[in-house]
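Straight from Swiss-Prot, the features:
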{"type": "BINDING", "residues": "Arg59, Tyr201, Lys207, Arg328", "note": "substrate binding site"}
{"type": "BINDING", "residues": "Lys207, His226, Asp264", "note": "Mn(2+) binding site"}
{"type": "BINDING", "residues": "Lys207, His226, 243-251, Glu292, Arg328, 444-445, Thr450", "note": "ATP binding site"}
Amino acid sequence: MANLDLSKYGITGVTEIVHNPSYDVLFAEETKPGLEGFEKGQVTNMGAVNVMTGVYTGRSPKDKFFVKDETSENTVWWTSEEYKNDNKPVDAKCWAAVKDLATKELSNKRLFVVDAFCGANENSRLKLRFIMEVAWQAHFVTNMFIRPTAEELANFGEPDFVIMNASKAKVENYKELGLNSETAVVFNLTEKIQVILNTWYGGEMKKGMFSYMNYLLPLNGMASMHCSANTDKEGKSSAIFFGLSGTGKTTLSTDPKRLLIGDDEHGWDDEGVFNFEGGCYAKVINLDKESEPDIWNAIKRDALLENCTVNAEGEINFADKSVTENTRVSYPIYHIENIVKPVSKGPHAKQVIFLSADAFGVLPPVSILNAEQTKYYFLSGFTAKLAGTERGITEPTPTFSACFGAAFLSLHPTKYGEELVKKMEKTGAKAYLVNTGWNGTGKRISIKDTRGIIDAILDGSIDKAPTKVMPYFDFVVPTELPGVDPKILDPRDTYECACQWEEKAKDLAGRFIKNFAKFTGNEAGKALVAAGPKL
C-alpha cells in the first residue's frame with residue numbers, strides 16, 4: 001500500500017511511506033535508538049509509551065483559524081467583537097503560505113500515513129488521511145480514530161479530509177500573514193485540509209476533526225455533541241452525558257452496569273447515537289487505581305501517555321504536575337472491557353444529562369428540565385472551578401461554554417440546540433441537570449451520591465419521585481431518591497441558614513442572565529429568556 005501519491009497535496013520526494021503501521025511497528029518506531037527531542041518515546045513499567053509535547057501541553061485556541069471563502073463565509077460562526085470565539089478568519093494568501101510551509105516540511109522525508117474513519121455510522125462517517133513525520137503522532141491517531149479493517153483499507157479510495165501535521169515547522173512571518181504566533185492550526189473547508197504547524201500536542205488532530213464534524217453534521221440534520229454516551233446491557237436505550245472538562249463525563253459514563261459507546265464526541269442521527277472516535281483520551285493527573293480502575297487498566301502496551309513524569313526505571317508519577325496538569329493517555333477503546341461491540345453505536349437516547357461542577361454551591365444535585373429549560377441550559381453550558389487567589393482565598397470562577405463545548409463549535413450555538421432538542425422530542429428523551437460540584441458544606445458532592453442520582457435517572461425512579469420547585473431557577477427537584485442522602489437534594493438544607501444560599505443563588509442567577517444576553521441576537525435565543533433564572 002506504499003504506492004500512495006502524496007504529490008497531489010504538494011508533498012514530493014518522499015523516501016518511504018509507512019502506511020497504517022501496526023501497533024508493533026509503531027512501538028518500534030517511537031522507541032528506536034537515535035530519536036531525539038519530542039520524537040522520542042519512553043517505555044513505562046505499565047507497558048505504555050510516554051511522550052513529551054514541548055511547550056504546547058494543550059490545544060492552542062488562539063492559533064486556530066478557518067479560511068474565509070465562499071464555502072465558509074456564511075456558514076461558520078465567526079468570532080466577533082461582541083462574542084469572541086475561536087473561529088478566526090484568514091485569507092487565501094495566508095492559506096497558501098501555511099500550506100506551502102507544511103508541504104515543504106513533509107517533502108523529501110520518510111513519512112507516516114494513517115487512513116482512518118471518523119464516525120461509527122457507515123452512512124455518515126468521514127474517511128480521513130493523516131500525514132506526519134513523527135511516529136508517535138501516527139500512534140496517537142491510530143488510537144483515537146476508527147481503525148479500518150484490512151478490506152476497508154484496501155478499498156479506502158480518496159479521503160474526505162486530509163490532515164497534515166508539520167509540527168517541526170514554524171511560521172516565522174506570522175504577523176504579515178495575520179496569524180497569532182509561529183504556531184498555526186488552519187482549516188480549509190473548500191480544499192478539505194487541516195494544517196498543523198509548530199505544536200506537538202496530539203489533541204490538535206483529535207479536536208480538529210471534532211470541529212469539522214461539528215460543521216458538517218448539523219448542516220445535514222444530525223446532532224453533533226461534546227458528550228460521553230453509554231447504553232443499557234440489553235441495548236434498548238442510550239444515555240448521553242454533556243459536560244466540560246472536570247465535571248465527571250468520563251467517570252460517570254464508565255459504569256460496570258452499562259456498556260460504553262464513547263467518552264467524548266458523538267453524533268445522533270435517525271438511527272441512534274454513534275461515537276466519532278475509536279479511542280479514549282483520558283486525563284491522568286492524580287490517577288488512582290481504586291477510584292478509576294478502568295482508566296488505570298487501560299494504560300498498557302499500545303496506550304500512549306502524554307507529558308507524564310517517568311523516572312529512569314519507567315515508574316510513572318501520576319501526581320506530578322510539573323510539566324502540566326493536563327497529563328493524558330490515549331488508548332484504543334477496546335482497552336475498556338464494558339464497551340458496545342463491534343461498532344461504537346447505540347440506540348436513541350432516552351436520558352440526556354448535563355453535568356456541571358458548580359463551585360458556587362447553588363445548583364441542586366439534580367434538576368428535571370422541561371424542553372425550554374433544556375435548550376437554555378444547553379446553550380449556557382455552565383460549570384465553575386475553584387481558583388486560588390493571591391491571599392489563598394479560593395474563589396469560584398464561572399465558565400459558560402455554549403453547548404458544553406464552545407471551543408469546538410463551527411456553527412452558531414443555537415443550531416446545535418435545535419438539532420439536539422429535535423432528536424429528543426422525536427424519541428421522547430428527557431433532560432436532567434446534575435451538579436457534581438459543591439454545596440453549603442464546602443465539600444464536593446460525594447461520587448457515591450452522584451452515582452446514586454445517575455442510577456435513579458437511568459432506571460426511571462427519578463420520574464416517580466416526589467418533587468418541589470426551587471426559587472429563582474424554577475428547577476423541579478426530587479425530595480427523595482433511592483441510595484442518595486436526602487439532606488443534599490435541596491441545596492438550601494446544606495447551609496446553616498437558607499439565606500446564605502439565597503444570596504449566592506441571586507449572584508449566580510444574575511451571571512446566567514448576563515451570559516445569555518449574547519444569544520438573544522436571533523429569535524430562537526430571544527424566545528428562551530423566559531426559561532432561564534429570574535431575579
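Cβ atoms are placed via backbone N, Cα and C, with glycine included.
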Please report the three-state DSSP label of Lys249 (ATP binding site). helix
Which three-state DSSP class does Lys207 (substrate binding site) fall into? helix
Cβ neighbour count (within 10 Å, all chains shown) around Arg59 (substrate binding site): 21
Measuring Cα to Cα, how many angstrom lie between Lys207 (substrate binding site) and Asp264 (Mn(2+) binding site)? 10
Excluding Lys207, His226, Asp264, which residues of the same chain place their Cβ within 8 Å of the centroid of the Cβ atoms of the recorded Mn(2+) site? Lys206, Phe210, Glu265, Gly405, Phe408
For the binding-site residues listed here (Thr251, Asp264, Ile445), which one has the lowest count of neighbouring CB atoms within 10 Å of its own CB? Thr251
Rounding to whole Å, the Cα atoms of Asp264 (Mn(2+) binding site) and Arg328 (substrate binding site) are apart by 14
Looking only at C-alpha atoms, tell me how far Gly243 (ATP binding site) is from His226 (Mn(2+) binding site), rounded to the nearest Å. 8
List the other residues in this chain whose Cβ sits within 8 Å of the Cβ centroid of the substrate site residues Arg59, Tyr201, Lys207, Arg328, in sequence order. Gly58, Gly202, Gly203, Glu204, Lys206, Tyr281, Asn326
Other C-beta atoms that fall within 10 angstroms of the C-beta of Tyr201 (substrate binding site): 26
Here the binding-site residues are Thr247, Lys249, Thr251, Arg328, and the Cα closest to that of His226 (Mn(2+) binding site) is found at Lys249
Other C-beta atoms that fall within 10 angstroms of the C-beta of Lys249 (ATP binding site): 24
